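Residues or ranges marked as transmembrane segment by TrEMBL: B:21-45, B:57-85, B:97-116, B:128-148, B:160-182, B:202-223. What TrEMBL lists as domain 'Cytochrome c assembly protein' is B:23-185.
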Amino acid sequence: MTYTSFLKSECLVLWRRKYDIFNALLFFIMVVVLFPLGVNASPEFLAPAAGGIIWCAAVLAILMSIESMFKEDYSDGSLEQLVVSGLSLPLLVLIKISLQWVAVIFPLLVMMPLLSEMLYLSSGIFWVLVVTLIIGTPSLFLIGAIGSALTVSIKQGGVLLMLLILPFYLPVIIFATSAIQTAQSGLPYSGLLALLLAISLLFLVVSPFMTAISIKASVN
Amino acid sequence: MNWTWFHKLGSPKWFFLWSKSYALPLFFLGSVALVVGLIWGLAFTPADYLQGNSFRIIYIHVPVAILAQSCYLGLGFSGLIFLIWQMKIAPIFIQSIAPIGAVMALIALVSGAVWGKPTWGTWWVWDARLTSVLVLFLLYMGIIGLKNALDDVALANKSVAVIGAVGLINLPIIKYSVIWWNTLHQGATFTLTEKPAMAAEMWIPLLISVIGMYCLVASLVLWRMQSIILEREHRSNWVKQEVMNNGF
């Protein structure tokens with residue numbers, strides 16, 4: 001196995017399991033639709049809350065797609081093959097996480113204009129939302145990979161995974177939504193974007209190694 | 001400097017024998033200091049000119065809140081120590097301190113809510129510090145849950161160490177949250193570099209109860225660690241000897 005063959009096979013696996021991602025995206029849309037129906041459908045409520053609604057829905061959808069990240073590989077034994085392949089496990093993990101990120105975030109961004117229109121988000125703020133999603137969501141996937149690797153051997157690990165991971169997601173959500181809110185009130189928001197990027201870069205360094213440690217411990 | 005004593009403490013046996021004589025004195029010291037600090041603070045300290053008597057809850061709230069963070073600091077660093085040096089005692093420490101830290105965070109939240117009602121007018125404010133203590137509590141619960149869900153001891157040790165070390169990143173966010181979002185909560189009561197802004201007769205009993213709380217928690221952690229060591233090593237000869245000689 002080489003890095004390129006791993007990359008190719010991962011792409012193929014993602015393509016064969018495209019309905020998992022499709023389901024996560026449908027779930028995302030459902031959550032977004034629940035807010036106008038459940039809370040308030042007036043533009044006065046939705047326009048200021050849109051960034052937060054979209055971010056919370058995106059976090060839930062990402063959590064759904066992350067839960068199964070290593071599950072199948074663990075049960076069919078291919079996770080073991082990664083450990084004994086002689087390649088750098090953190091690098092393989094990083095490849096897997098990046099592919100998953102692209103596969104979930106790209107369709108999410110494609111749907112974003114539609115949803116932001118439904119939530120009455122103004123077009124100037126729309127680009128801030130897109131930027132926060134692009135630089136903020138990598139950290140969600142990187143943190144999620146750690147949790148997914150930790151709970152991979154537990155049968156009903158889904159709820160535990162949420163309990164483990166959501167605390168780490170909170171700063172990301174807070175910074176992203178406050179960047180959108182400061183942009184809406186016309187204040188400079190680049191500092192908050194920088195913090196988001198800082199969190200993503202921090203976990204880019206930490207997460208592959210921590211995930212690799214957890215995978216090695218789980219596979220034994 | 002000779003580091004042998006430190007490496008010795010990494011082995012459960014040495015740690016058990018070393019810590020045996022510390023738990024009880026620490027417990028008495030902590031209880032006495034806590035009782036002195038609390039009685040002094042609750043009964044003899046003058047009332048605050050602004051908040052009246054309601055400020056007295058500070059003598060419970062602040063020690064507990066400090067301990068909730070300190071416990072996590074210890075937990076996170078011992079997670080790192082376990083990942084780097086594989087010290088056997090580190091996961092035992094994590095396992096014994098996690099529930100205590102969770103209780104400290106919970107008491108901090110409840111006492112903070114009780115204090116917030118008369119001074120801010122609400123039980124709960126979505127202030128950065130309150131939220132981060134809530135997050136701290138959830139982190140503790142996640143660690144305890146993960147520990148309980150994993151049956152394999154070696155896997156549980158590794159997993160808990162990983163999540164503890166990653167959670168260490170949360171602590172700076174707690175510390176700087178007051179500066180980042182400047183909201184209702186007052187600044188830190190104690191800093192190492194400056195003199196406290198409170199009057200001396202107010203902060204001295206507070207300092208005593210903080211120290212008392214540290215000693216109390218340390219003794220509880222030592223006791224929990226000793227019982228976990230006995231449980232994990234119950235097959236080894238030295239435990240049998242220990243039980244034969246001292247009787248439990």
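Backbone N, Cα and C define each Cβ position, glycine as well.
All annotation found in TrEMBL is predicted automatically rather than curated by experts.
Listed by sequence, the residues of this chain that lie at least six past the ends of the transmembrane segment (B:97-116) yet keep a Cβ under 8 A from its Cβ atoms are 54-55, 57-58, 60-61, 64-65, 67-68, 71-72, 74-75, 122-125, 130, 133-134, 136-137, 140-141, 143-144, 147, 160, 217, 220-221, 224. Here the listed stretches are B:21-45, B:57-85, B:128-148, and the one with the most C-beta pairs under 8 angstroms to the transmembrane segment (B:202-223) is B:21-45.
The average pLDDT the prediction assigns to the domain 'Cytochrome c assembly protein' (B:23-185) is 84.
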